[in-house]
Amino acid sequence: MSRPTPLRDVHESLGATLTDFAGWLMPLRYGSESAEHNAVRTAAGLFDLSHMGEIFVTGPQAGQALDYALVGHLSALVPGRARYTMIVNERGGVLDDLIVYRLGDEEFMVVANASNYEKVAAELADRAKPYDAAVEDRSDRYALIAVQGPRAQEILATLTDADLAGLKYYAGLPGVVDGRQALIARTGYTGEDGFELFVANEDAVPLWHALTRAGEPYGLRPAGLSSRDTLRLEAGMPLYGNELGPDLTPFDAGLGRVVKFDKPGDFVGRSALEAVKDTPPRRRLVGLVARGRRVPRHGYPVTKDGAVVGEVTSGAPSQTLGKPIAMAYVDTGAGEGLAVDIRGSHEAMDLVELPFYRRNK
Amino acid sequence: MSDIPDELSYTKEHEWIAGLDEAITVTIGITAYAAEALGDVVFVQLPDAGATVAAGDSVGEVESTKSVSEIYSPVGGEVVEVNQAVVDDPSLVNNDPYGEGWMFRVRVEGDPEDLLSAEEYTALTSGES
């Protein structure tokens, strides 16, 4: 039985198609997922992301504990700022990708994927034991609502006095939105400007309605996980379970920049990652654009002259490009002339650099 | 609740068949229920006109943002016409599944696969949702 978010009744009243995702009952789409995708690119979309996990790490040594537990240098983070980082195992394999917010000198919030947060919370608690820091999984108390798109700031500004214009990308501050306490973060997973609002469960429904009313003149519409997936794919953002997993290091995924070897002290995975950091990976993550209309999908083989040279990790029709696109791990040196085996038919693909889409700033 | 017109016949694979009673040439498409379940259709592959198909054959595919499904011919015979408009604009499947979103026409030879009445198809889909 899937767990509902605090917004389940709202989704049902909007006629959403609900789906199980990582044990949660989530809106897949409300109507046309293409229209939801386009709304986020051109106006704004409203997302329920309450399935994400919120793990708090607090105490005098919270920063040092996270420096040891994660690959990033979190003790160097300024309060009010956030970092994209990862937790890896001793072999350097990725257990999850995370956003860590520093809320205060001794308070951090780690946001983990729905499929992983229980595992991440347990790992963090274990790794933090030698430190004067407490780890608490508060995922059950928080809802997360995102407003994403070029009109997001104008919409949110009608409901809060917080200094949104002064809030940088990857920053977060406590504020009041429509009379409710929220952590307002300028983060997202769509390739657009936007905000993520962490609120208490009981505030989720009234906040959703307030944002819906405020966004109506700007073309805001509710958007489900289907459009979230195509938006992040166009933006070249990895998804855990597709582009990231325990058998891949951050370097394999082309994200070695998140590993901070120059931070003080040891960290879990350091020796394994030191050993591979200068070794070119056998495969690298690339973008593929289909010449035809058939869609490459997760798990399909990438071929060249009939031989398998890689595997698709994510694929979908791209609204923005008007063509099917995919991310894939492909042998380094495979070069051009790639195809994807789409149920027996080798469909020609053009190799492109990621991301597929970058917004105009 | 999806629209399920009374005058059509249906299959368990969520296709509809029009014209069974009055003609030997029938028109086939996918139901509103199937179109809603798929989401936005982005690609339709249909059989070639002139092809001979057997009842139950996989003759094409319909692909949406999230998934791909096969199209089966519920009847055997010769494919006499395919809807090029739906190939060019797959959104017709979502916008008008029983009308402009039709897929192909077959001149029927032999008996069709087990077909369902609108009432039976309604029972099938309400059981699944």
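Every residue number used here counts from 1 along the chain in the order it is shown.
In case you wondered, yes, glycine gets a Cβ from its N, Cα and C as well.
Annotated domain 'GCVT N-terminal' per TrEMBL: A:8-263, in sequence order. Residues annotated as substrate binding site in TrEMBL: A:GLU196. Residues or ranges marked as domain 'Aminomethyltransferase C-terminal' by TrEMBL: A:283-357.
Note on the domain 'GCVT N-terminal' (A:8-263): mean pLDDT across this stretch is 97. Under the DSSP three-state reduction, the residue listed as 'substrate binding site' is assigned to strand. Helix, strand and coil counts from DSSP across the domain 'Aminomethyltransferase C-terminal' (A:283-357) read 0 helix, 46 strand, 29 coil.
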